[in-house]
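S.K.: Sharing a structure, written as structure tokens. Questions coming.
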Amino acid sequence: MIQEFIQGLHDFHFLQNALITAIVIGVVAGAVGCFIILRGMSLMGDAISHAVLPGVALSFILGINFFIGAITFGLLASIIITYIKGNSIIKSDTAIGITFSSFLALGIILISVAKSSTDLFHILFGNILAVQDLDMWISIGVGILVLLVISIFFKQLLLTSFDPLLAQAMGMKVNFYHYLLMILLTLVSVTAMQSVGTILIVAMLITPAATAYLYAKSLKTMILLSSALGAGASVLGLFIGYSFNVAAGSSIVLTSALIFLVSFFIAPKQRYLKRKVK
């Protein structure tokens, strides 16, 4: 099977596009996911990934690139959630739940109005084997941009993630870096739709980062390890999907989950097996 997969990479251009895109998404989602779980924003990641759905549907209706609509609605959802949380007694999880369900419902209504149901199905559940050249290059461009922003603002994102009160006392614009991270999260969510769809994007963000957290002792190490795990799971999941003719996006997610499960038992920081033995 491995030989057939390698031969397929040599013969089929669509598989080459899928492999490159999968690696890029795995690396970038793994990096951004580290900040998401450190801030306790896993639910926010899920909300943003689903909030882009009405933007995608509206883009199909209007005949424009789905990146435009998805990014617009993703950022809009982030702004609404932050505004509700900051201007009412409602807690963040409640604000996220209200916004998430509302945007999802709007997306479903727009899907029923849109004509291109096949393309929308791919957006919902992913079809990385159908990635075109333009989509691949957009993914690469977004990936480079996201990693560049993380590199430039690493110290600020680090401090605002671990101790926002201290960061604010030092004069840092905490809200600015919050929205900056939301922009990065939205960009990654839109890009990852091609591989796993809006339904499973949060798994690409959270699972590799959570696995890396079990091993890493510093944020830099965590980001590097999470990106490597994300890329590795993407390649292995693509191989499984192509070889066994199953959904590649779901295979990527399950591969990442399996790596986490193994790490849960053997990671030094977890020490689950040692505690059970004792």
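Heads up, the Cβ atoms here are built off N, Cα and C, so glycines get one too.
So Swiss-Prot lists these for the protein:
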- 18-38: transmembrane segment (TRANSMEM)
- 61-81: transmembrane segment (TRANSMEM)
- 94-114: transmembrane segment (TRANSMEM)
- 134-154: transmembrane segment (TRANSMEM)
- 174-194: transmembrane segment (TRANSMEM)
- 196-216: transmembrane segment (TRANSMEM)
- 222-242: transmembrane segment (TRANSMEM)
- 246-266: transmembrane segment (TRANSMEM)
S.K.: Could you tell me whether the transmembrane segment (18-38) and the transmembrane segment (196-216) are in contact, taking contact to mean 3+ Cβ pairs under 8 Å with a sequence separation of 6 or more?
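M.R.: Per Cβ check, the transmembrane segment (196-216) touches the transmembrane segment (18-38).
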S.K.: Tell me if the transmembrane segment (246-266) touches the transmembrane segment (61-81). I count contact as 3 or more CB pairs below 8 A, with pairs 6 or more residues apart.
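M.R.: These two stretches do not touch.
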S.K.: Near the transmembrane segment (18-38), which same-chain residues lie under 8 Å Cβ to Cβ, leaving out any that are not at least 6 residues past its ends?
M.R.: 9, 44-45, 128-129, 131, 135-136, 139-140, 142-143, 146-147, 150, 157, 161-162, 181, 184-185, 188, 191-192, 194-195, 201, 204-210, 212-213, 219, 222-223, 226-235, 237-238, 242, 248, 252
S.K.: Using Cβ atoms and a strict cutoff of less than 8 Å, what residues sit near the transmembrane segment (94-114) while being 6 or more residues removed from its termini?
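M.R.: Contacts with the transmembrane segment (94-114): 43-44, 46-47, 50-51, 53-54, 56-58, 60-61, 73, 77, 80-81, 84-85, 88, 120.
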